[in-house]
């Protein structure tokens with residue numbers, strides 16, 4: 001069974017833990033208890049393949065930013081979560097994305113942009129803004145509500161599909177060359 005290491009990142013209070021717990025335990029946690037770092041595992045079937053999701057729910061607070069590099073190194077894919085009622089959390093997404101790319105030393109890393117709290121009446125980040133940013137980044141955009149469970153499975157499952165696509169692309173690049181494999185022998189002088 002394939003295991004996928006997913007990391008949920010975003011500013012404090014955007015609903016990272018609520019999304020993760022909704023996926024894992026099917027219930028909404030409405031009290032806010034800032035996370036330092038929590039890990040969850042769940043077996044699911046995505047596109048006919050049984051797989052194990054290893055989800056790291058991270059701290060959004062700035063005082064825990066020193067821990068970020070470590071979890072970014074180990075993650076295979078990232079949910080970039082912002083709250084639709086917080087323009088600041090949306091602005092922070094670019095910083096998270098750049099940090100992930102720097103730590104992973106890669107231009108393309110599997111990511112999904114997630115606009116959470118879509119059940120709220122007032123939005124400070126419009127759908128079009130988020131779609132435009134996702135398009136610029138070349139990543140999918142999913143709207144979610146941890147409260148109503150809208151889009152929760154879709155967000156995590158889309159990230160798994162992005163990881164699979166990334167692995168397929170890297171596999172093809174590695175096999176593409178038509179040049180014969182030449183080995184050079186070292187000579188000690």
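Backbone N, Cα and C atoms are what each Cβ position is placed from, and that goes for glycine too.
Going by Swiss-Prot, these are the annotated features:
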type	residues	note
BINDING	10-17, 57-61, 116-119	GTP binding site
LIPID	186	S-geranylgeranyl cysteine
MOD_RES	186	cysteine methyl ester
MOTIF	32-40	motif 'Effector region'
Can you check what DSSP calls residue 13 (GTP binding site), collapsed to helix, strand or coil?
coil
Pick from 10, 13: which of these binding-site residues has the biggest number of other Cβ atoms within 10 Å of its Cβ?
10
Neighbouring C-beta atoms (10 Å sphere around the C-beta of residue 58 (GTP binding site)):
25
Provide the number of Cβ atoms within 10 Å of the Cβ of residue 118 (GTP binding site), excluding the reference atom itself.
20
Count of other CB atoms lying within 10 Å of the CB belonging to residue 16 (GTP binding site):
28
How does the model score the motif 'Effector region' (32-40) in terms of mean pLDDT?
69
